[in-house]
Structures are given as C-alpha cells and as structure tokens.
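Copied over from Swiss-Prot:
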type     : residues : note
DNA_BIND : 7-54     : DNA-binding region
REGION   : 111-149  : region 'Disordered'
REGION   : 262-359  : region 'Disordered'
COMPBIAS : 277-299  : compositional bias 'Pro residues'
COMPBIAS : 315-325  : compositional bias 'Pro residues'
COMPBIAS : 348-359  : compositional bias 'Polar residues'
Amino acid sequence: MLRAPKCSRCRNHGYLVPVKGHTGKCRWKQCICDKCYLITERQKIMAAQKVLRTQAAEEQVATVGTQGPQLPPRAPAAAATALSSSICPLPRAVPGGVGPGPTATCFLERPPQAPSPGPSTFQLGPSGRPGPSTFQPGPGAPGGLRDRSSAWLPQLMPQAPRPELCYPDQHLPVRPVPVPGPVRPVPRLPFADYGHPLRFKSDHVVGAGNPEREPFKQCPACVPVSPYQSFPLSEGQDSSSALGVPQQRGFRHVSCSPYHRSGLVSEPARDLQPTYCSPPPPPPPPPPPPLPAPPPQPQQPHFLPPGYLSALHFLPPPPPPPSPPSFSLTYDTDKENTNDQDAEAPTEPSQDSPQEQSN
C-alpha cells in the first residue's frame, strides 16, 4: 500500500512511498536536480561542523583538567594595573625571627574602605597592652622595634596607614604623630541678631560691671539665651492685654555658671519699648462679579406695515347689540293712555290681550 510521503522534497517530486519504512530512505537524495543537490551538500557541511565543535569542546575540557584554570594572556597585566594603587602585598615570612626566610607566596590584600585606626589597636602584646600586629616585621628584623624611637610606639588613637606595612624592606624616616589638644569652643557674641522683634535699651544689654550678667566669660560653651520675664496678670492690663497680646515688661537672666547654685537671680522689672505692631486689618472682600447681561430678545417679525392700523380710530364704534324684547305693565299703560284720547274701549279685552299673548 502506497501513500504520499511526509517530507516536502519527496512530496514535491510526486514520489509515493510505502506506509511504513520510509524514514531515512528518501528518494530525493538520489535526485540530480539543482535544488536537491544544494540541499544535500548543505546537510553534509552542517554535519561536519557539528563534529568539529564536539571535538574542540572535548579537547578543551581535557586541557583544563590537567593544567588547572588559566587566565587569558591579557588578564594578569590588566588586573595588576587596576589594583596596584589600592592593594599592597604581604611581607615576607621570617621563621623564628632569625634572618630572612624563604619567600612566601604573595597574596593580594584590599585595604578597608574607611581609614583604619591602626593594627595595634586590635591586638594585645605579652604585657596586656596594645602591641604591634603580626603584619609588622619582627624585633630582630630591620625596621623593627629596636630601630624605632619611642615616639613611634602605637597609641590609642586613629592613625593613618603606614607605608612600612606594605614595603617592610624600605627604611622610611620616622615622624612622631602629633597629638591634637582638647577642642575649645568658640565663644559667640552676646545677644547676637537672631531676628527677634524686640529691641533692648542700653541698660538692658549685658554690662561689664556686673559679673552675674557675663555668662560667656565663666561658661564659654554655653549658647547665648535671652529668657524673658512673663507678664503678670495681677498688674494693670491695657488694651494690648485685652486683645490677647502680652506686653513685655522686663527680663531676667539665668546664669549658666556652675559656681552659682543659689537659683534664679531676678532683676527689677524695667519697661521696654515694644516694637511689634498690631496685626494689619484683613483685606476687604473682593467685589461680587457683575451679573451677566440678559440675552437680547429676538425681534418679532412685522407682518403688517407700520401705518396700516393708524386709520382705525376714524371708524365709528360698532352699534350695541339689540336688547331682548320685554313685556311689562309700563308698556301696557302707555298704550292705554294713547287709546283713551281717541275712544274709550272696554277694559276686559285690553286686559285679556296680554294674557293671550303670554299664552
């Protein structure tokens, strides 16, 4: 039983293959047309490249396993150039302190980011005091403790990194580390201008004759503070106190000297000239916005000429509607009066006539 093949080349050529057994037995590979020939050559080249890549990977794994990891040829030079400014090698090992021993393997050490307080701060010597670290040369080695003055001995304070730690073979001049003195506070001027709204008179400024009012000579580290005396409510209250604004009457000084422990020293109250002003009145409210103009009314179209109705007042008024007929006794009386002048007539027919008409 034959069927159409699944591969495109055989199907395009019109080949028919059996139901089973077509895998790997395509007939287009034996075709001599140009397209089939190019496809066959390309498949052969790709298979050869795959074999070469596999062999190269196996050889590289075998080489690394026998010789160990190696850096590229330019990697050591670049690493040494980049780390030469911030990395120093360890000194040579001296076994037993007798002469220089064999050169040990040099490892690179990166210094800490912050300035180091010195190796002697973290290690203790035989006497229990901070001594030289293991990175310094021994006592018998050149540049040891015997060749250095007592001023160089480590102190309990931060020190800059020493160049002899990185280069122990070079003898550098020994310089004593200066010891900074205690920090002295800088005194400030009394009553500096800090933007306060009050202005003091000349007698309220700190004077030279009163030692109690000169705190900066006794305590130079104190910050100038000018406390004010609160306004007593029992004294007279004026309009300013009624408004809720206390008026400044005087001031007192609090001594910061440790020798005066008797408490607060109050001074007689003196009147000060307040320089503050009453708050400005609130701004007037903005005027209301003007009302929008009414929309213009549309003009009515004129269907009649303007002089058409001017002659209507000359027309006579319409006559009133006729009144309905009414029969009353007054009408009969007038009629009787007119008939009496000609001749007398019997009253019964005259009286019956309106009755007949009404009937």
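Keep in mind that glycine also has a Cβ here, set from the backbone N, Cα and C atoms.
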Just give the helix, strand and coil counts over the compositional bias 'Pro residues' (277-299), going by DSSP.
0 helix, 0 strand, 23 coil
Pull the DSSP breakdown for the compositional bias 'Pro residues' (315-325) and write it out as helix, strand, coil residue counts.
0 helix, 0 strand, 11 coil
Tell me the residue counts in helix, strand and coil for the DNA-binding region (7-54), as DSSP assigns them.
31 helix, 2 strand, 15 coil
Give me the mean pLDDT over the DNA-binding region (7-54), rounded to a whole number.
84
